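Participant: Feature list, courtesy of Swiss-Prot:
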BINDING   21, 95, 123, 169, 346, 387  phosphoenolpyruvate binding site
BINDING   21, 22, 26, 167, 169, 315, 342  3-phosphoshikimate binding site
ACT_SITE  315  active site, proton acceptor
């Protein structure tokens with residue numbers, strides 16, 4: 001399926017974006033190995049998260065999926081209750097699922113194969129294979145990419161590990177393995193990454209120690225059931241935040257969005273560029289802060305993106321670069337080489353698409369330089385990347401003509417009702433097949 005857009009006359013209204021993808025992954029995994037029954041409200045029913053649910057079900061977890069209400073009811077099997085799956089576990093397109101499951105499965109008393117789609121089979125896994133091996137895990141792969149064959153070892157040993165680069169997925173993978181290891185596992189990271197795993201461990205009553213740069217867990221503990229309500233995903237909200245910011249006449253409110261400080265880079269950077277964003281009704285529930293976000297149209301200016309904001313914005317850069325494309329002046333992004341090993345090479349994909357829409361964009365080895373200008377209509381390729389597809393749908397709100405975005409089926413991995421919500425607030429996005437459109 002493709003997307004086709006026509007320019008918007010302005011966004012308005014109030015919407016609630018679906019539940020946070022990162023928290024959904026971690027929550028269902030942890031409650032599956034907890035003791036007792038947990039209800040998970042606001043679970044993201046995207047393909048990536050449902051791949052995690054399926055994998056856990058294949059290992060004996062009892063998970064009732066109430067899809068139309070975004071609810072899971074999970075009867076935990078306890079720390080030692082998982083069973084060997086009958087076949088390889090398919091993680092689909094999800095790098096988070098395969099890395100978290102690798103940590104969980106490294107300490108089980110059975111062997112497992114983890115695989116995924118063609119995109120996932122190009123994603124780098126050496127970053128988890130090396131430290132898990134130090135803990136006593138044995139993992140076979142060809143070229144350090146999936147499929148991964150994990151030979152479970154119930155006698156893992158805790159380690160003190162310095163992450164070479166900050167990564168919430170790697171940190172979480174090792175913490176999960178540490179739950180099954182003898183002794184203490186401590187992870188030190190060079191900069192703060194998203195801390196949903198740590199917050200969830202606390203919510204499910206697992207003892208951990210944390211200081212500014214390190215997090216430690218000791219093996220042998222138990223997770224206890226505890227109902228949880230997942231906030232809206234700020235990575236999904238970002239598409240509407242940028243769309244309202246760049247489209248004249250816009251004013252929208254996004255309800256109950258997760259505003260974890262480790263995820264606020266996109267708001268920080270947009271405010272540096274001159275955006276009119278107001279965060280109100282701040283509350284904290286289930287260890288996670290949430291708030292309403294009101295956004296009004298504003299004129300933006302280009303900036304040099306500070307290095308300390310890169311990790312906090314890593315998933316939102318595709319749509320942030322759309323904001324840069326219409327800002328006055330130049331925007332420079334560096335220290336973001338991680339964007340090249342996402343679902344696609346996001347630096348190359350964004351530069352290619354922006355150039356096709358008339359924007360001067362230059363690729364750097366670790367980033368991009370964008371000279372703000374006027375978005376023209378045209379046709380771009382999403383390269384089967386959900387965030388690229390939605391970013392260019394946002395570009396279509398302000399482009400001078402229709403924008404066609406190729407290969408958008410993958411949006412279902414993270415935001416199944418994107419088109420519905422986009423049109424609800426006035427973005428004019430249509431899913432089309434063949435050569436049809438507006």
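Here the Cβ of each residue, glycine as well, is placed from N, Cα and C on the backbone.
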Participant: Among the binding-site residues 26, 167, 315, 342, which ones place their C-alpha within 10 angstroms of the C-alpha of residue 123 (phosphoenolpyruvate binding site)?
Facilitator: 342
Participant: Among the binding-site residues 22, 167, 169, which residue has the largest number of other Cβ atoms within 10 Å of its own Cβ?
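Facilitator: Of the binding-site residues 22, 167, 169, the highest Cβ count within 10 Å belongs to 22.
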Participant: Quick one: give me the count of other CB atoms within 10 A of the CB of residue 387 (phosphoenolpyruvate binding site).
Facilitator: 28
Participant: Which ones are near residue 315 (3-phosphoshikimate binding site): of the binding-site residues 21, 95, 169, 387, which have a Cα within 10 Å?
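Facilitator: So far as Cα distances go, the binding-site residues lying within 10 Å of residue 315 (3-phosphoshikimate binding site) are 387.
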Participant: Which one of the binding-site residues (26, 95, 123, 342) has its C-beta surrounded by the most other C-beta atoms within 10 angstroms?
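Facilitator: Per the Cβ count, the most surrounded site is 26.
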Participant: Would you list, in sequence order, the binding-site residues among 22, 26, 342 whose CA lies within 10 Å of the CA of residue 95 (phosphoenolpyruvate binding site)?
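Facilitator: So the list is 342.
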Participant: With every protein chain in view, how many other Cβ atoms are within 10 Å of the Cβ of residue 21 (phosphoenolpyruvate binding site)?
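Facilitator: Counting Cβ neighbours of residue 21 (phosphoenolpyruvate binding site) within 10 Å gives 22.
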Participant: Please tell me which one of the binding-site residues listed here (21, 169, 387) sits closest to residue 342 (3-phosphoshikimate binding site), measuring Cα to Cα?
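Facilitator: Checking each of 21, 169, 387 against residue 342 (3-phosphoshikimate binding site), the shortest Cα distance is to 387.
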Participant: In Å, how long is the longest CA to CA span across 21, 22, 26, 167, 169, 315, 342, which the record gives as the 3-phosphoshikimate binders?
Facilitator: 19
Participant: Tally every other Cβ atom lying within 10 Å of the Cβ atom of residue 315 (3-phosphoshikimate binding site).
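Facilitator: Excluding its own Cβ, the number within 10 Å is 23.
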Participant: Just give me the nearest neighbour of residue 387 (phosphoenolpyruvate binding site) among the binding-site residues 22, 26, 167, Cα to Cα.
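Facilitator: Sorting the binding-site residues by distance from residue 387 (phosphoenolpyruvate binding site), the top entry is 22.
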Participant: Based on DSSP, name the secondary structure state of residue 346 (phosphoenolpyruvate binding site): helix, strand or coil.
Facilitator: helix
Participant: Which whole-number value in Å describes the distance between the Cα atoms of residue 346 (phosphoenolpyruvate binding site) and residue 22 (3-phosphoshikimate binding site)?
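Facilitator: Distance between the two Cα atoms comes out at 19 Å.
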